[in-house]
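S.K.: Questions regarding the structure given below will be posed in turn.
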Amino acid sequence: MMILTALLIFNLFIPLNTRYSLHYSDIRQGFYPTFDCLYTYLVDVGKEKGKDYLQNSYLTPYCRRPDVNEEQDETLYPVYENIIKTSSFKELKRQNVTSEQLLQWFSPIDIAEKYEMYRNDSDVFHNCSLPWFGSMCQYKFNFDFDSYLSFSDIVQATTDAKTKNASDISTRTYYGLLTSCNRGSWPLCLDWREICDGKFDCINGEDEYMCDQLEMTECNSNEYRCHYGTQCIPLVFLKDGKVSIDCLDGSDEAVERLFHTSQINWNCLPISTFRCEEQIGRYPESFQCGDGEYLLGVTLPITMVSCSNQRDKEVSRAMLTNMEHISSINCRETFYCALHSNRTFGSRGIDHNGMEMVPILEDIRNEECESLSQYCESEWLVIPAYPILFGFFQFIYFTNRSVDEFKTNIKPDLICFNAQACPALLTEIHPIKFLDGLTCCHSSDLIFGDEMKDFNYIDAMFSYRKHDCARKGIEKSCKNSSYFYCNESMKCISFNRVGDGNNDCYFGEDERFNACQLNDSNRFQCSSEENKCLSLVAVGNTFDECRLGEDELFAYTQNWAKLVQFPYLCNNEHHPGINFDGLNDTDETNCDYWPCDNPYTHCNQYWNCQHGTDELNCPNSKCSFNEHECYNQQSGLSYCLSLHNTYDKYVNCCNETYVEREIYFYNGTFDISENYFSWNDSEYITLDKVCRIDQHLQPSFITEDICFYPPENSFSPDGKTVKLIPNNEYLCHYINSEFPKYYDLFFKTLRLGYFPSVLMNNSIATISKTNQLKKTTFNISNEFISYCHRGILVLRGRNQIKTCFCPPNYYGSQCQWQNQRISLTIQLVWRSNRFTPVVFQVLIILIDEYGQIAPYYEQIIYIPNRDCNTKFNLYLLYPERPKSLSNNYSIRIDIYEKIKLEYWSSWHLSIPFQFLPVNRIATQLIIPEMKNEKSTCILSCGEHGKCMNYVNNKSLFFCLCDNGYSGINCNITNQCNCANDSLCLSSDICICSLYKFGPYCHLTHSICQLSNNSCQHNELCVPNDYRIDLNTFTCLCQDEYSDERCENKNNRIDIHLNKEILWEHSLLLIHVITSFDQKEHERRILLKKVPYNQNILTIHLTQPFHIILAEIVNESFYLLVVREVFQPSEYIQTKIESKQRCPSINNLLNDTVRQYSYLRRTKYYPSLCHTNLELMCFYDEVHMCICDRNRFSNCFLFNQTRNNDCQGYNYCENGGECFFNNQTCPTQFMCICDDCYYGAKCQLSTKGFGFSLDSILGYHIKPKISLNQQPVIIKITIFISTMLLVIGSINGFLSIETFRRIKSRQVGAGYYLLSSSIISIFIIILLTYKVWELILSQMSVITNRSFLYFNCVTIDVILKILLTFNEWCNACVAMERMMSVILATRFQKQKSIKMAKWVVLITFIFTILTHIHEPIRRELIEDFDIDDYRIWCFVRYSSSVRKYNSFITLFHFLAPFSINIISALCIIITLAYRRSAVEQSETLRGHLKNQIQQHAHVLYSPCILILLSLPRLIISFANKCMRSAHQPWLHLIGYFLSFIPSMLLFIVFVMPSKTYRREFKAWTKQISQKLCTTR
């Protein structure tokens, strides 16, 4: 485990000073005084193997928090000797002094804000002299330090210094808010961790009241139930790192245990964060040390001090020595002498861990003790005052015992206990007395042996009896079915305690039980014991619960590749516990193909190679190229010995088990090769090469061009003494570590090389940034450390009175009291496909059951790009002290988007078990991508509010009040002091705009103002929380720049695309790998579209990188870029070519090797690069490997088995694959859509019958690019639509004029065709409008949302209605013609005309009604799709409406289509039958032929319409959906074909008909005559 506690340091542009700006110096929070606050900001960072880095943020106010019962000694008057100058606000305004200047003079925040508001001329500002600060210049720290010490530094240094006074009892804190707790004469106060710990710490058990409810806690399937039972935490928090303990009992993480002792969390003393301050023991029968540390399975008294703060010693001593309950002082002293005179409790010496042991109690005296009966009036004496000895007991001594008997035996006469707490003991004793409700028996009933010389004997012979009470019962069965029955121990326990690594049943039934049959998914199944499933609290508890200990090895990951990562393989250091499964494979076996000199062994100060080539040419080496440093101990001189002059002496006998190696140096000219083997002759030295004759050795066949891992037959290089030739004199010893210097190894880019080659001749320098922080050290006296307990001491006033600033979890004049509180951990998650920056303001408030807001609240600024994977830890305090149990409090969390200052969403968190002193809550809040809108509910919110529901509970509602209003129903007008550009939520709560701060938002962050933007290139500057620092900021860089101030231009990579490789692929995944020295590599993922009609894909990278890979989704990988050292602002051109393809190991290794385990198969990887010289990279299921310059396979974790569901939160719709842009720190999600779907979330569909021009052309239109640069398909679309407009307009005009004539409308068909002609004009105009509207909106020329929305709900719908109506008109023409043929002379023209008028009206209304659902379901959506921002017109149907839409669309298409076909056939067949009846000499076939020829004009219309409709029908049914990315032309043709029938009315109906042609000619003749007349 790697844990780093660090103060987050921002870039400061104004020097720090030793004066401090107070908060709330003029404001009191809550009903009890809290004022004069300083904030400390702490960041706790850590990581477990196989897990991501975690960052815990703590912004904690240290304030004056006096108890209401303590004397209020606030400074009411200025301390004038500490003031440089006092100025009235009026005077300061006259001098044009700004509030910013006051802050630079370290004015308290609220004083500066009051000056900015300027409502009272009499208000004054005191400019304090160094080192004083405060509104009255009343405070100073009593430290001598330099000018670079922040308050966070002081807090950290004070906390660290407390370890020196760990055993000082005066520094202890206590819980005093359980007012009903009676501890009698017990001298030690209650600690909050002793409440609900399973033992009575109050005489009447008030501390255990209602605690049985904790066992009944049930959690959701996506939550983990903490073992203690007080809370449920998100499953993603489970085993995420020991630096972040989210359960109050710490059961979500592995424990920190000191060696083999009972000390858990032994390192808590100097830690002030939640992982210690907010933690209790995870098991019963544990002793709470009081600062997060606890002793596992220990009840007091204890014979050996174990708590770091020695609280166990104090309690043990008090149990045995406290006799305040005895009224007579003489009796008290005599009793003490009788029990402890010349006795020692505990041991002295050294324990098995080498730690010094000191007795708990030692009393050596020479005087004799006196008789108890002489001074004690009672018949007996008890110790301790109530039954807490060994957890449950009380000893009784009769006062008539002689002094001599006490000298040899202190065994009690009677032992008393509470029968309810120890019912099982009743079966073993003979009760003889009942004392104060306790059951008593002779000590011989429970203690074997007659003599007990001291309490050490009693501890050895009696302490085990605590298990009889805690683990045995007398129950015959369990009344509650959710409890487990210990049949031997006769005890009922919760099923949650079964298999938890702790015997809750005396005979261990709970741990022997097969918990696998409970079907609990949150259990760990032992691979070595198939019937053993452990509660997760037992995993990582430092005890091997599984037979082979896999529960400890796999505490955080069961992935071998993560547990034993590639850099740790074959490095001469065995991984602990690696061969737990009994296999022969370990990380150091089968290393024959592993180079001894590789990036992870190079320069580790240990010779992995036999002649030390891995330690040559290292940084900071004193020697030249290919020289080893050698030290002469006698002369103290160092030599540099070249490989060319170094030799191994041949060995005559190699049969020995150990062959001693002799190394020589020779720089002469003689040939010594007969007796010496030169290191320069081989890259690889083995025993067979230096053995002169040896039959049993097999020669090494390993290639000579690389030095491989030393095999078993190599001889040891230890003791590298170098001698001279020829006199055999000692020269020196090689400087070499006895063991490899391995720390935490991570993926290294050493020797990776550069691909493509770097376009520069100069050498490449490593670019790194370091912050040179001056380490501030100062001494704090023990007096100042102990005075404020867990607070920070300042000196106040002219008398320099000791005063304490307390964190929220403590209060009192000396921070001596433990506070009731809510310790809240929040992890905010923002996943969006947007690339625009976003900043959130999080408001956390406490509300009662009526929705009233409590006065204590907290705020957080959350920037997703900066704060991902960050847990915010903060305290909420109840408005009353002690809290009122009649009020049912809960937490409401509101989030506001800070840039636009608009409400976003809210969450509701319940606070279970409010009788507990500390309520621990840990939650993950997933911020919705779209802000929450008004909900429909029955809650009355009046005129000034709107009803909203909570994100995490849609059935729970609240009133969100308008600005300036509050109350449950938003009926209270706030007396608001908030600035005008802020949001006023109550009289005390304001939400500030981006560049404003202060309690009422009147102060301005000048560092980020537009005229003084600290971020270059006008990027967004976000001030950091003013409570952390007033002069720091965060730059949110976009586009082409990056780094802390957006000062560096991003790297540009142009990828030349190979169309043969990318055929029919529209998407590429770009994997960007970045290596770090002190942490694991980072993998970022970009989803890029393969551009249409372009051969180059350009990406800009904002962060450093070393490797870039391209993935054709679910097919193959290609190596694009390799940079051994990152080059900023570099322009790289690369290609996707077949030689850069990374094959799978399945294509490189044979079947036998592929079947090997991870630890064995991976050892063959280096040989792959060495034997395949053209190979650039390859991968397996968990690794990606790069062949480096030395042909070593340098591998790093690269998981191929991604589940594509965004870690369980799939934001993609319709089965789309979701994944994050960064596996370590995700901030954006991306979707790969199935066929038939498109859009950023795959929310848009082309399924179903019908065409949409948006889906066909949308992605081909390039945003923000001029029309002449648009793709060919767009230009052709414009051309076609223009041609259709011209042709359609002419057709429509001519048709209208033809069918307007009286003779054209002598039957109903004329009216149908006239209507169709008019409609066709509208259709072609709307089509042209639709094409241009789509193109201009997707080009971002038209952006007005109202205009776009109007078009969305009208244009497509009207087009559908008109097209459908047109088809029905054509069908009606065909039907009327059919009826005229069938009825013949019975056909009535006037009746057909009348009917046609009604049919036209009814058909039009029917068509509209059947499409009425469309405009209702249409909406505009913003789509941030990969590289483009688009606005789509989107139709969303419910399942039932979708079925209806499909049916009605098919009906409107197939019905007219069928009518046309049937009508044409009926006309021909009817006429043929009639003719055959008259002219029987001709066959029916002949008549059919003749009729077709005679009535061809009647058939032309339906046949042409059918032919024009067939392509659309075929395209629609041949494809399940429109795959516009792959087949845009086919669908575009089909789309335009649907408009052709409307354009061809003149050709289809006028030209074939003699009547209509005659009328058309008549019209043309009439027009010609009019034209001639006008001339």
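Just so it is clear, glycine is given a Cβ too, placed from its N, Cα and C backbone atoms.
Those TrEMBL annotations? Automatic predictions, nothing curated.
I grabbed these lines from TrEMBL:
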type	residues	note
DISULFID	C937-C947	disulfide bond
DISULFID	C961-C970	disulfide bond
DISULFID	C1037-C1046	disulfide bond
DISULFID	C1233-C1242	disulfide bond
DOMAIN	933-971	domain 'EGF-like'
DOMAIN	1004-1047	domain 'EGF-like'
DOMAIN	1202-1243	domain 'EGF-like'
DOMAIN	1291-1549	domain 'G-protein coupled receptors family 1 profile'
SIGNAL	1-18	signal peptide
TRANSMEM	1272-1296	transmembrane segment
TRANSMEM	1308-1327	transmembrane segment
TRANSMEM	1347-1374	transmembrane segment
TRANSMEM	1395-1413	transmembrane segment
TRANSMEM	1447-1473	transmembrane segment
TRANSMEM	1498-1517	transmembrane segment
TRANSMEM	1529-1551	transmembrane segment
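Would you situate these features in the structure and describe their surroundings?
M.R.: Contacts of C947 (disulfide bond) defined by a Cβ separation under 8 A and a same-chain sequence distance of 6+ are given as K934, S935, T936, C937, L939, C941, F957, F958, C959, L960, in order along the sequence.
Taking all protein chains in view, 23 other C-beta atoms sit within 10 angstroms of the C-beta of C961 (disulfide bond).
Listed in sequence order, C1015, Q1016, H1017, E1019, C1035, C1037 are the same-chain residues at least 6 apart in sequence whose CB falls under 8 Å from the CB of C1046 (disulfide bond).
For C1233 (disulfide bond), the Cβ neighbour count at a 10 Å cut-off comes to 24, with all displayed protein chains included.
Per-residue pLDDT, averaged over the domain 'EGF-like' (933-971), rounds to 87.
The list of residues near the domain 'EGF-like' (1004-1047) in space but at least 6 beyond its ends in sequence, with Cβ under 8 angstroms from a Cβ of it, reads 8, 10-14, 21, 23, 39, 41, 59, 61, 99-100, 103, 109, 835-837, 839, 860-861, 863, 865-866, 899, 994-998, 1100, 1102-1103.
Here the domain 'EGF-like' (1202-1243) has long-range neighbours at 52-53, 222, 236, 829-835, 864-865, 868-869, 926, 929, 1067, 1080, 1082-1087, 1113, 1255, 1258-1259, 1421, 1423-1426, 1432, 1434, 1436, 1520-1525, meaning same-chain residues at least 6 beyond its ends whose C-beta is under 8 angstroms from one of its own.
Nonlocal intrachain contacts for the transmembrane segment (1347-1374), taken as residues 6+ away from its ends with a CB within less than 8 angstroms of a stretch CB, comprise 1252, 1308-1309, 1312-1313, 1315-1316, 1319-1320, 1322-1323, 1326-1327, 1329-1330, 1333, 1337, 1396, 1399-1400, 1403-1404, 1407-1408, 1411, 1414-1415, 1418-1420, 1431, 1433, 1452-1453, 1455-1457, 1459-1460, 1463-1464, 1501-1502, 1505, 1538-1539, 1541-1542, 1549.
If one looks beyond the transmembrane segment (1395-1413) by at least 6 residues along the same chain, the residues whose Cβ comes under 8 Å of a Cβ in the stretch are 1307-1312, 1315, 1357, 1360-1361, 1364-1365, 1368-1369, 1372, 1376, 1437, 1441, 1444-1445, 1448, 1452.
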S.K.: Which residues of the same chain, at least 6 past either end of the transmembrane segment (1308-1327), have a Cβ under 8 Å from a Cβ in it?
M.R.: 1281, 1284-1285, 1288-1289, 1291-1293, 1295-1296, 1298-1300, 1355, 1358-1359, 1362-1363, 1365-1366, 1369-1370, 1372-1373, 1376-1377, 1392-1393, 1395-1397, 1399-1400, 1539, 1542-1543, 1545, 1549
S.K.: Hey, what's the Cβ neighbour count for C970 (disulfide bond) at 10 Å?
M.R.: 21
S.K.: C-alpha of C970 (disulfide bond) to C-alpha of C1242 (disulfide bond): distance in Å?
M.R.: 40
S.K.: Using a 10 angstroms cut-off on Cβ to Cβ distances, just flag whichever of C937, C1037, C1242 is the loneliest among these disulfide-bonded residues.
M.R.: C937
S.K.: Measuring Cα to Cα, how many angstrom lie between C961 (disulfide bond) and C1242 (disulfide bond)?
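M.R.: One finds 36 Å between the Cα atoms of these residues.
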S.K.: For the domain 'EGF-like' (1004-1047), DSSP counts of helix, strand and coil?
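M.R.: Helix, strand, coil within the domain 'EGF-like' (1004-1047): 9 helix, 11 strand, 24 coil.
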S.K.: Using DSSP, what's the helix, strand and coil tally for the domain 'EGF-like' (1202-1243)?
M.R.: 0 helix, 13 strand, 29 coil
